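As recorded in Swiss-Prot, the features of this protein are as follows:
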- 356: active site, proton donor (ACT_SITE)
- 387: active site (ACT_SITE)
- 515: active site (ACT_SITE)
């Protein structure tokens with residue numbers, strides 16, 4: 001089980017606090033000038049296809065030594081072992097945390113309550129394989145005998161964000177099937193998705209473990225109504241709907257053949273579920289073999305994370321550097337900036353992955369924390385972000401550590417597009433690290449023939465302080481395997497930080513209160529009676545809503 005250790009009471013935390021008195025004055029230009037081997041010391045490779053450069057961070061070897069000591073004193077290694085061995089580290093829900101078992105390609109036994117879960121995992125994978133191959137090959141026919149051409153995945157949260165992100169990221173591997181994802185309970189989402197589709201050639205995946213999730217089931221019933229308006233016979237539902245669920249009774253009552261129900265387990269958290277049957281949409285989007293490659297890539301990182309000493313462990317290093325900024329430099333957010341359009345949902349995916357996991361204010365003892373926990377995660381693909389928010393990163397008053405991610409080889413070699421993209425990738429981290437001094441600005445103005453008055457007026461606005469920290473993650477090419485590597489790397493980074501912060505990273509009680517209140521409010525919206533049961537603001541909003549609808 002996880003130990004309950006307040007990180008701020010460790011000797012390592014005290015040492016880091018003292019070290020920060022000097023470290024807050026670190027200057028990246030000076031650090032690089034003082035050490036010609038800095039890149040070699042502060043970069044790591046993962047396999048043959050990923051390079052992680054963390055040299056442009058406000059760290060020294062002494063900083064990292066003290067951060068590793070913090071990991072040791074909060075017993076990170078035993079926590080890693082506890083997770084992989086199936087201990088119920090999700091204590092508030094009494095569950096193991098075993099998304100790693102879903103991609104356990106070495107097939108070593110993983111025990112939960114005395115039972116090896118791997119036979120069940122492999123059985124579901126085999127079932128997914130058969131289903132996927134029948135649909136992609138065209139063997140599976142709709143109710144009029146036509147092949148299925150379009151798949152609509154209906155889910156929300158982890159049942160949507162992961163599959164959607166991966167399907168987009170691996171679009172170069174697309175099968176003949178067209179994928180669509182519906183999540184929002186706003187009717188516009190399902191209506192606009194269905195407009196161009198043909199009920200005869202559309203199959204729906206309903207992704208809800210309990211088959212009771214409000215948003216998902218609302219959309220599922222609307223999808224069934226749309227289908228039956230054309231198909232007529234309720235019996236045809238079985239050829240056009242499948243379920244990713246464990247509630248066989250509700251699935252059957254909906255009209256879905258339980259042979260087309262794919263189960264997963266309570267030790268699979270929603271935001272880690274793309275590796276499970278929830279990933280069926282991924283397998284349909286890119287083919288089952290590529291889905292397995294995705295699992296293989298994640299498993300490679302799992303082995304690295306579980307077996308590598310902390311000092312050479314890439315997810316651990318990334319986690320500790322992030323913690324350094326979050327807890328000592330006072331950074332409130334991190335930006336994930338993929339220079340690959342296919343990865344346009346990567347930041348959004350880990351916005352959920354990180355903020356739902358580590359957005360906690362109570363420690364594992366049930367006490368309020370008096371230190372910062374999870375950061376705000378955000379980002380957009382490059383180079384779009386450069387023309388949107390990089391201004392603040394470069395010259396604003398907030399410290400925002402950034403992860404830059406890019407492939408060396410593009411799937412679309414069009415002219416010199418990729419060279420231009422990558423020139424920006426390299427330039428941004430250089431600019432953020434080293435900036436532009438007043439002397440350089442003055443020299444540029446002088447070379448451009450500016451007058452002294454013009455120079456004096458404009459120089460302050462043209463100076464870049466630099467010293468903005470970044471990680472650069474260079475991938476040979478975005479493939480199913482390297483994407484699996486990347487996702488698992490970030491997953492384990494989140495886990496490491498949660499362990500050190502002494503919080504539970506695998507529950508999400510913060511999403512419950514809003515749902516409870518929404519269920520109370522919903523019946524109040526059914527008529528035009530004035531509502532008085534809430535605070536004055538909520539009453540006023542509900543009554544204004546009713547007035548607008550009248």
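For all residues, glycine too, the Cβ spot is worked out from N, Cα and C.
Secondary structure from DSSP puts residue 387 (active site) in a helix. For the pair formed by residue 387 (active site) and residue 356 (active site, proton donor), distance between Cα atoms is given as 29 Å, rounded to the nearest Å. For residue 515 (active site), the count of additional Cβ atoms within 10 Å of its Cβ stands at 11 [all protein chains shown].
Burial estimate for the active-site residues (356, 387): highest at 356, by number of other CB atoms within 10 Å.
Cα to Cα, residue 356 (active site, proton donor) and residue 515 (active site) are separated by 15 Å.
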